[in-house]
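Per Swiss-Prot, the features are as follows:
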type: DOMAIN; residues: 1-158; note: domain 'Obg'
type: DOMAIN; residues: 159-329; note: domain 'OBG-type G'
type: BINDING; residues: 165-172, 190-194, 212-215, 282-285, 310-312; note: GTP binding site
type: BINDING; residues: S172, T192; note: Mg(2+) binding site
type: DOMAIN; residues: 350-428; note: domain 'OCT'
Amino acid sequence: MFVDQVKIYVKGGDGGNGMVAYRREKYVPKGGPAGGDGGKGADVVFVVEEGLRTLMDFRYQRHFKADRGQHGMSKGQHGRKSEDLLVKVPPGTVVKDEKTGQILADLVTHGQTAVIAKGGRGGRGNSRFATATNPAPEIAENGEPGQERDVILELKVLADVGLVGFPSVGKSTLLSVVSSARPKIAEYHFTTIVPNLGVVETGDNRSFVMADLPGLIEGAHAGVGLGHQFLRHIERTRVIVHVIDMSGLEGRDPYEDYVTINNELKEYNLRLTERPQVVVANKMDMPDAEENLQAFKEKVGEEVKIFPISAVTRQGVRDLLFEVANLIETTPEFPIHEVADESDTSVMYKFDTEGVKFEITRESDGTFVISGYDIEKTFKMTDFSRDESVRRFARQMRGMGIDEALRARGAKDGDIVKILEYEFEFID
């Protein structure tokens, strides 16, 4: 089964917790704090594997959670960083954040990697908090939570040439005679429901990859007839071969077919119209095809170059392949998305946390709810089993301006304040 879109959940590993410890050794009368830092949590890293062709594997495993870092230890020993979780994807995979729609990565070349969910940093041990006024701190941090998100994976086939046109115009037949591909061919519409790829050799030491894409119908750009799933695969192609049934046996006018398909390409993505398009008049071995071709030429004008062929008899196919190969040599690639500098095959896509530091809302029962990335991260990294850590958290809240903001919202002694699933009393 060809699977070209799937939703999965990824989570970077939490950082290891820092430790509260002290040196208790002979001849070390003032040993001091010796708690080590926690190790960094593992990242979730997507890596391109050229042997993969679909996203089928993700139908059976949709959750990817990286390991947390090792906890800090006594004698100042830091926890070990966890090994990154490598997730293999096929070439041509686009990764989007499900919530925001942001493009996280466009993975096209073998071995290319992208960090999709960062692991959290390790919490600091108490040796990090020693000062002249507090030489033996009872403070250690929990590990930072790893980033988590739902992502959408879309596979857009990597082909130099895309065959487009209405259903049953002969795209699959053409691919089968110019390559070793064996797409399903039958006398009914939408025989092809997934892209088929074939390597085409022109006979003069040139070759390219051609994709037979499922047939389009009017309204495809808006999703009619699974149009979005089909048009998605055209985006990476450099040359579009527009196949038209010149026999008219389906009862459609070839010129109207030509106009309709081009409108769909334009409406779906303006950049599709920037690609060179080769117009192929297929089924020229059928009755009335020559007459229909002349009428078609009169309507499109002389500026549109047309290649009359018969995919069944292979008439005109050789000239068509040479023209396509020439266009590929002179046409640059069309990048789909603007991503980070690709000079390095390893790309880091950072999690944007800029914006509102915290937000205060009030529930119907009068409870004040504090939310926001910074305050929630600080809360999770606080070890509430130690009084000194609790006092430090209170200072951090004041430093963020949360105390003042609560007072401004009318908070008084004894009011309930909630962060995540935890509640405590406000003390003025």
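Positions of Cβ are set from backbone N, Cα and C atoms, glycine also.
On the structure: features taken from Swiss-Prot.
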residue : record              : Cβ within 10 Å
G165    : GTP binding site    : 23
S168    : GTP binding site    : 20
K171    : GTP binding site    : 31
S172    : Mg(2+) binding site : 24
K283    : GTP binding site    : 26
S310    : GTP binding site    : 22
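Mapped onto three states, the DSSP output places G165 (GTP binding site) in coil. Across the structure, G165 (GTP binding site) and S172 (Mg(2+) binding site) are spaced 11 Å apart at their Cα atoms. S172 (Mg(2+) binding site) is 13 Å away from S310 (GTP binding site) when you measure Cα to Cα.
The two recorded residues S172 (Mg(2+) binding site) and K283 (GTP binding site) have their Cα atoms spaced 13 Å from each other.
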